[in-house]
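What TrEMBL says about this protein:
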| type | residues | note |
| --- | --- | --- |
| ACT_SITE | 484 | active site |
| COMPBIAS | 1-21 | compositional bias 'Polar residues' |
| COMPBIAS | 98-110 | compositional bias 'Basic and acidic residues' |
| REGION | 1-29 | region 'Disordered' |
| REGION | 71-119 | region 'Disordered' |
| TRANSMEM | 125-151 | transmembrane segment |
| TRANSMEM | 185-202 | transmembrane segment |
| TRANSMEM | 214-235 | transmembrane segment |
| TRANSMEM | 241-262 | transmembrane segment |
| TRANSMEM | 351-370 | transmembrane segment |
| TRANSMEM | 401-419 | transmembrane segment |
| TRANSMEM | 527-545 | transmembrane segment |
């Protein structure tokens, strides 16, 4: 026969069990969860709660949490808190709870007044403490104001210079018509197959152990150094035989080829060190998802549905090297991630963007940039600071529009089109550089193929040689500054150091932008990044145009008239 116990006896028994220590603690917590109200099932809420208001057991009796404090003070793993931690948490909870109670009571009293009060503690929306972040209207206002200013400048340009756009001139400029002699740029580009073939032949000789490791490395270094120096010597000796577009194309092509062959040689060296076990493995090729699915880490079981990965030295073939040279990347791998098919609609959109983008860039150059640059020659030569600054600001807008169009055209449209044609799956050609809060972040995010190459083949090897990260970063900037100068000075045959100094100036500018970001916030750091992009490039263009005209058209410079 079952005897009904009084609810108070049950509550006292539960209290006694909670006081007995850890034995039965789990049962107490389960019983407490069941008896507590539905809003108090979270143990953390029960631990932090000090008020017993609206907390009743299953019989409607109020629950005093102090009776269960010993059990509640235990964390999820059953470990108790020390006394000081419990006291500190208790004081903080009590103070916050007391402050909230006082604030709520005062608010209720104010609202109960017959004068219908409407004021309460609030911050202005432009104050950071307000927590307000929706400035969409101001962004739209700024965009509209920028468009109106740009349209005004465009209309001023049309009224002043008329319509200067002539697609026939674009064709003559790109094809090099009436410039140069013959097809020297094309011949020099085809000659690069000699360096490519020599690189592959040396790699095969090293793989077959026909060529010694030291001799092979020496031949590869000489090969790629001669490769990057060949356009400099050729254009310097026979500059009249090259058009400006042809010389620029050759320099860009040889620069990319230099970076790709460097990556090809260094990656095969890493694979060779692992393959022959001559040196301890300092760096290993990345394990791809396909390799994991192939069972590279399993017991050797193979899936026939998944193609086998290429292993060293089976990759040393012309087809493999030519695919890498055409792929939209500068870092070589034995097995690139591939897509299963070509998306024809996606490819057609990217090709249309390339065609339209090239025409837009050429039109902006012909209609807007060329007249502004020509009119900046005299103020820049006379070192008239006021007029030169006015020309710089006038050139900044069209130059920045061209740069943005070029970025989208190259890194989104063209590289995506090439990747789609070659089934190249890694399309991370850029990151959100527009949100960069300092110069370092910008250079790490706006050109991902070059950034990955610099980290993989220059920064990490230099650090592994014992240099500090700061020294390695300086070497990377020196390397980048050299190629920026290479791509400008060699085609123009104006050997100055403005592009080199501009890139090296990024080091102190990076420190300044980081200081501003730290002191004034990320928004001001982002403004510094945008200011360097908008104002730095037109200044470099004006400097090179001035030096180019002075060097190549010195005799007719005195007849140049200044147009405001």
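In case you wondered, yes, glycine gets a Cβ from its N, Cα and C as well.
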Sequence-distant contacts of the transmembrane segment (527-545), meaning Cβ under 8 Å and at least 6 residues beyond its ends, amount to 369, 373-374, 376-377, 380, 388, 391-392, 395-396, 399-400, 403, 436-439, 441-442, 488, 492, 494, 496, 498-499, 502, 509, 512-513, 516
Residue numbers, six or more beyond the limits of the transmembrane segment (214-235), whose CB comes under 8 Å of its CB atoms: 184, 188, 191-192, 195, 198-199, 202-203, 205-206, 242, 247, 250-251, 254-255, 257-258, 261-262, 265, 269, 486, 490-491, 493
Considering pairs 6 or more residues apart, do the transmembrane segment (241-262) and the transmembrane segment (351-370) have at least three CB pairs under 8 Å? no
What residues elsewhere in the chain lie close to the transmembrane segment (185-202), defined as a C-beta under 8 angstroms and at least 6 residues from its ends? 176, 211, 216, 219-220, 223-224, 226-227, 230-231, 234, 242-243, 246-247, 249-250, 253-254, 257, 261, 264-265, 316, 318, 321, 325
Within 10 A of the CB of residue 484 (active site), the number of other CB atoms across every chain shown is 18
